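Marked as compositional bias 'Basic residues' by Swiss-Prot: 1-15. What Swiss-Prot lists as region 'Disordered' is 1-59. Annotated N-myristoyl glycine per Swiss-Prot: Gly2, in sequence order, evidence recorded as similarity to another entry. Under the heading compositional bias 'Basic and acidic residues', Swiss-Prot lists 16-25. According to Swiss-Prot, the feature domain 'SH3' maps to 81-142, an assignment based on sequence analysis. For 148-245, the entry in Swiss-Prot reads domain 'SH2'. Per Swiss-Prot, the feature domain 'Protein kinase' maps to 267-517. Per Swiss-Prot, the feature ATP binding site maps to Leu273, Gly274, Gln275, Gly276, Cys277, Phe278, Gly279, Glu280, Val281, Lys295; the stated evidence is sequence analysis. If you look up Swiss-Prot, you'll see Tyr416 marked as phosphotyrosine.
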Amino acid sequence: MGSSKSKPKGPSQRRRSLEPPDSTHHGGFPASQTPNKTAAPDTHRTPSRSFGTVATEPKLFGDFNTSDTVTSPQRAGALAGGVTTFVALYDYESWIETDLSFKKGERLQIVNNTEGNWWLAHSVTTGQTGYIPSNYVAPSDSIQAEEWYFGKITRRESERLLLNPENPRGTFLVRESETTKGAYCLSVSDFDNAKGLNVKHYKIRKLDSGGFYITSRTQFSSLQQLVAYYSKHADGLCHRLTNVCPTSKPQTQGLAKDAWEIPRESLRLEVKLGQGCFGEVWMGTWNGTTRVAIKTLKPGTMSPEAFLQEAQVMKKLRHKKLVQLYAVVSEEPIYIVIEYMSKGSLLDFLKGEMGKYLRLPQLVDMAAQIASGMAYVERMNYVHRDLRAANILVGENLVCKVADFGLARLIEDNEYTARQGAKFPIKWTAPEAALYGRFTIKSDVWSFGILLTELTTKGRVPYPGMGNGEVLDRVERGYRMPCPPECPESLHDLMSQCWRRDPEERPTFEYLQAQLLPACVLEVAE
C-alpha cells in the first residue's frame, strides 16, 4: 500500500525518456545469533511476463536478495560540507500552513535540518519558507539529484521495479553495488523469446583518477556521461538505455511536521476495505488531499489512554517493511491513520485472483520482506503479538509490509484476553503465549512459521480440519503441521525451526531473513 494523494488518484510516477532525437523506438486488522572485456551481465533467472515470475527454482528458497528493500530511492541525507542548496525531486503539496509547497526541479535553500525528517527550507523560486520532507530533495548538482540514481537499493528491489510489464526494453536505473564499496551497478530491463522479461546487471567500476567504466575500453569522467553514452549506443549492453525506471513518490515521515493527534473532522471515510471483530478499515483522505487508510476501533476495544501511550512508541518504529503509522484520533471511537496499501491484506491477496499467478520465488520474496520488517522489530526490542497474513499489507510490485504491531496487547475484550475464545488467533500463537501469556519476539517467530504455511498454501487456514482446542492440545503434545503440498523440504525445515518447543531454540528474524535470501548473493557482473 503506498500512500498517494487523491489528486491524482494513483501514485505519482516519474519517467524521463532518454531517446535521442534522431532515434526510433514502453488490510490487515479485520480481515545476531543464529541457531544452530565486453560487458558480461549477470542475468536474472528466467521470469515469465506475469509479475516477473522466476521460472527456475531458486538455489535455496528464492533467488532474490531482499535485505532491507525499499519502494523508492534513498536520496537526501543530513547536510554535509556546507551544502545548503537542494533540488526538489518530486512535486510536494503542503497539507498544513507551516509546510512549503514546491514543484519538481525547484531549488531550495535549507535553513535548518536539525529537526529530523522535516527541514525548514526557503524556495529560491517562490520566495516562501516552510517545512519540507527531507526525502523529497537532494543536494544540487549531485548524483542523488539524477532521476536514474536509486541509491542503496538491493538487486532484488531493482528487479521488482524493472520487471513491471509496462516498462519498455532498456528501462534502467543506477544503484550502489551490494558487493563492492564505492562501485555502482547499472540495472537494465531486457526481453527475449527464451527468457521473456528479465533484468541484467552491469558493474560500474571507478578509476583511480575518478572516472567510471563498464568496460575498460570505454571510460567516462562522470556517471552522467556514462548514462548519456549508453542511451545512444548499446556497445556491449543487452540494449541501449531508453527510459528511467518509474517509481512512486516516497512516503513522507508522518502526514506533516506536527500532525500526530488530529481532529476526527479532518478525515473522510470513503470506501470500506474490511471488517473484523474489533473494528473496520477504510480507505479515506486526510485534509481533503492525502490518501490514507483508517482503522476504526469499536468503543471499548481498548483504553484510549493505553492506546495513546502505546502509539507514542509505535510511531517511532520506522522501517521500509513496516506500515507507517501517520496519526491518531485518540478519543473513542479511536481512529488509527496509516499509509494506504493498494492491494489490501496479504491473506485476501493470496486467496484472490492475483494469488493464482504467484510462484514460489515470489512467495519466498514476500516472506523475506516480512522477515526484514520483523528483524527490525526484533532489533528495537518490540513484540508484534499477532503476526499472520491478515496483518500483512501488500502494495504495488508485490511490496509487503507488517501492520498492526503491538495492538493485540491493548485489546480488552474478555473473549480475546482469555486466550481461548473464538476471537483469539490460537492457530498462529506459540503454546507458551496461548497457555501462559508469555508473548516475546520468539512467540512472533513461531507465528512467522505459521505465516509461511499461509504463503505456500495461498491463504489456507492453518491446521485444516482442526478446531482451536484440538490444535492447542495436539501442539502441546508435540504435533507440528506436515510439509504443505508443493512446498520445498528446505522451506518446511525453516518452519519447523520456528516451531521448536523451547522459545530460545527458535531462530532470530535476522537469521530467518538471511535464510530466505539466495545461498550466494554475489553479483558476478558486479
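The backbone N, Cα and C atoms fix where each Cβ goes, glycine too.
All features noted in Swiss-Prot, drawn onto the structure.
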residue : record           : Cβ neighbours (10 Å)
Leu273  : ATP binding site : 24
Gly279  : ATP binding site : 21
Val281  : ATP binding site : 27
Average pLDDT across the domain 'Protein kinase' (267-517), rounded to a whole number: 86
The domain 'SH3' (81-142): DSSP-derived helix, strand, coil residue counts: 3 helix, 27 strand, 32 coil
